[in-house]
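*Asks:* What follows is a structure written as structure tokens; I'll ask about it next.
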Number of protein chains: 2
Amino acid sequence: MACGEFDVIARYFNRHRTARRDVKQGIGDDCALLSVSEKQLIAISTDTLVSGIHFLPDIDPADLGYKSLAVNLSDLAAMGADPAWVSLALTLPEINEPWLARFSDSLFEQLDYYGMQLIGGDTTRGPLSITYTINGLVPAGRALLRSGARIGDWIYVTGTLGDSAAGLAILQDRLSVEDNEERNALIHRHLRPHPRVLQGQALRDLASSAIDISDGVVSDLGHILKASDCGANLYLDDLPMSASLTNNTTPEQALRWALSGGEDYELCFTVPELHRGALDVALGLLGADFTCIGQIAPAADGMRFWRGNVQVELDLQGFDHFGKD
Amino acid sequence: MACGEFDVIARYFNRHRTARRDVKQGIGDDCALLSVSEKQLIAISTDTLVSGIHFLPDIDPADLGYKSLAVNLSDLAAMGADPAWVSLALTLPEINEPWLARFSDSLFEQLDYYGMQLIGGDTTRGPLSITYTINGLVPAGRALLRSGARIGDWIYVTGTLGDSAAGLAILQDRLSVEDNEERNALIHRHLRPHPRVLQGQALRDLASSAIDISDGVVSDLGHILKASDCGANLYLDDLPMSASLTNNTTPEQALRWALSGGEDYELCFTVPELHRGALDVALGLLGADFTCIGQIAPAADGMRFWRGNVQVELDLQGFDHFGKD
């Protein structure tokens, strides 16, 4: 890792719990050195989380250490890539050792879980923010792209939608939930999203396109439609929502959060009719829920919403960091 | 690139001026996809620059676009790596289009110069900061490490030392330089450091160790000594300093800046006696100055400073972002 904070780095981040064979040089030189088989491509993604914008300033550093990496893992999941290495750029207003201990313990717990290695980064002084650049490996030619959806393909999502937005609303006192279990479940979905890494890998030869749901399914499916030059019919009655969500808010609010709440970090993907049987087996084996929510249509149709056989108009937009908060 | 600022990203950063054959998927999906030959290792480095800490808030965005990448290229240079791809995490307080235009023009000019491609990143709202994660390629087994210095090896630096610190002092009104040409030369060294990419590659089979000088030669050579378990004798009379520096400050101040001013982004490297002739040819061909400033010694000696045959004591320390400012 670069810069002058050598003691801090050594103490909290220069751990070698997972020592990967493809890491020829880890933390401790000007660069890390990595080897890659020619049969694999490297998948690279970068995400920044800024205090007050992407997380609440009083967030537990253990939750932050978890979520900041999970968000980035979700991008690898959407490509069907296997997580490998990560660089961490951590900007801190001050050195707070208990904070660093909780943050880094939580980070390394997750790195170990995925067999990943922290290979470097930078620690700097400034307003709190975290940038990960994550590297995964994917067999050449088998990565899931946004651009492969075709007319007639079925649109699926993993898990349930809208819980994370409800969890954030609870944390910000915009939603009150009496039942403790449901309250905690929603908050947990916001603070500890589960990146669908295994599902992404299982989808490699089955899905025609995929994306992770960071901004809400309308916005993220929109990227698939744009990249694939398609439209879509979405069946609102089929949107998977948790009882924790539907028990504690109006149907309108639940629908809005499910469609455009953001930060669910589930996968949205398209599957040709031919692969639906294989899909049921492949994802079923992983024990995760997945739901068909619509079908790819011609581009001229745009994105249409249906309740039963009735087309409905919705005014929704995805989360835009410059547009709203 | 992730996040919601799609228009901004498309307009300023989704340019394909350099289209590399090893970039299978660039900006526009959840991850970039890259291919690497098995004969090469990937060298990865991350650097963050925070407004007010690493650059002056009123810096010209063209200078910032240049320097932020140059600093990171310097890490690749120190490994002898060939620059390939870069991810940009840009946190902005607001969308300022003239600022973005100048910043990105300057960035792409340099990317084109090095045949690099911007493969992704993230744009977020928050206090201005810039994180690059840069990827280079280096033939397997030929990267320059910090750990290869041996007793008797000669210690070299490229270029001149201390100019960048003097340039910063001018910008902060701590140093006054009457001669316009000298003034501009020093400021230029601070705002537009020249990463020694070609020199690093030329050193691959000649240098036993290398590092780039970001924190001052004392601090950065110290990393070589620690990694190589060695000491060093440094000959202060031989430190390369520009006339622009020595004409405009006291010998004591010039020495301090040359040894610990930081941000010169020259290379410090060690060369076995056997390779000195080849070094003169290899670096001479590139037209860059390089100077022998000392010799590697046993670890027990620590770092010793000499004026002629007289050992002198110095109280110096490198730049530490948490330690001072």
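Cβ atoms are placed via backbone N, Cα and C, with glycine included.
Curation does not apply to TrEMBL; its annotations are automatic.
Taken from TrEMBL, the feature domain 'PurM-like N-terminal' applies to B:28-138. Per TrEMBL, Mg(2+) 3 binding site is recorded for B:ASP30, B:ASP75, B:ASP212. The Mg(2+) 4 binding site annotation in TrEMBL covers B:ASP30, B:SER45, B:ASP75. Among the features that TrEMBL reports, Mg(2+) 1 binding site is placed at B:THR46, B:ASP47, B:ASP122. Summarising the annotation, TrEMBL assigns Mg(2+) 2 binding site to B:ASP47, B:ASP75. Marked as substrate binding site by TrEMBL: B:HIS54, B:GLU263, B:PHE319. Among the features that TrEMBL reports, ATP binding site is placed at B:GLY121, B:ASP122, B:ARG146, B:SER214. Feature annotation from TrEMBL assigns domain 'PurM-like C-terminal' to B:151-254. If you look up TrEMBL, you'll see B:ASP215 marked as Mg(2+) 5 binding site.
Each of the listed features needs to be described in terms of its position in the shown structure.
*Replies:* According to its DSSP assignment, B:ASP30 (Mg(2+) 3 binding site) is coil.
For B:ASP75 (Mg(2+) 3 binding site), the same-chain residues that are 6 or more apart in sequence and have a Cβ closer than 8 Å to its Cβ are B:SER45, B:ASP47, B:ILE134, B:ASP212.
In the three-state DSSP reading, B:ASP47 (Mg(2+) 1 binding site) counts as strand.
Counting Cβ atoms from all protein chains shown, B:HIS54 (substrate binding site) has 22 others lying within 10 Å of its own Cβ.
Note: B:ARG146 (ATP binding site) has non-local neighbours B:SER209, B:ALA210, B:ILE211, B:HIS223, B:ILE224, B:ALA227, B:SER228, i.e. same-chain residues 6+ apart with C-beta under 8 A of its own C-beta. In three-state terms derived from DSSP, B:ARG146 (ATP binding site) belongs to a helical segment.
In the predicted structure, the domain 'PurM-like C-terminal' (B:151-254) carries a mean pLDDT of 97.
Mapped onto three states, the DSSP output places B:ASP215 (Mg(2+) 5 binding site) in coil. Residue environment of B:ASP215 (Mg(2+) 5 binding site) contains 24 other Cβ atoms, counted within 10 Å of its Cβ in all protein chains.
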*Asks:* Give the number of CB atoms, excluding that of B:ASP212 (Mg(2+) 3 binding site) itself, located within 10 Å of its CB.
*Replies:* 28
*Asks:* Fill in the CA-CA distance, B:GLY121 (ATP binding site) to B:ASP30 (Mg(2+) 3 binding site), as an integer in Å.
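*Replies:* Distance between the two Cα atoms comes out at 10 Å.
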*Asks:* Report the member of B:ASP30, B:ASP47, B:ASP122, B:GLU263 (the binding-site residues) whose C-beta atom has the most other C-beta atoms within 10 angstroms.
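*Replies:* When each Cβ's neighbours within 10 Å are tallied, B:ASP30 tops the list.
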*Asks:* Write out the long-range same-chain contacts of B:SER214 (ATP binding site), meaning residues 6 or more apart in sequence whose Cβ is under 8 Å from its Cβ.
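*Replies:* When sequence neighbours closer than 6 are ignored, B:SER214 (ATP binding site) has B:VAL71, B:SER74, B:ASP220, B:GLY262, B:GLU263, B:ASP264, B:TYR265 within Cβ distance under 8 Å.
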*Asks:* Expressed to the nearest Å, what is the distance separating B:HIS54 (substrate binding site) and B:ASP30 (Mg(2+) 3 binding site) at their Cα atoms?
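*Replies:* The Cα atom of B:HIS54 (substrate binding site) is 30 Å away from the Cα atom of B:ASP30 (Mg(2+) 3 binding site).
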*Asks:* Go through B:SER45, B:THR46, our binding-site residues, and report the one whose Cβ sees the most other Cβ atoms within 10 Å.
*Replies:* B:SER45
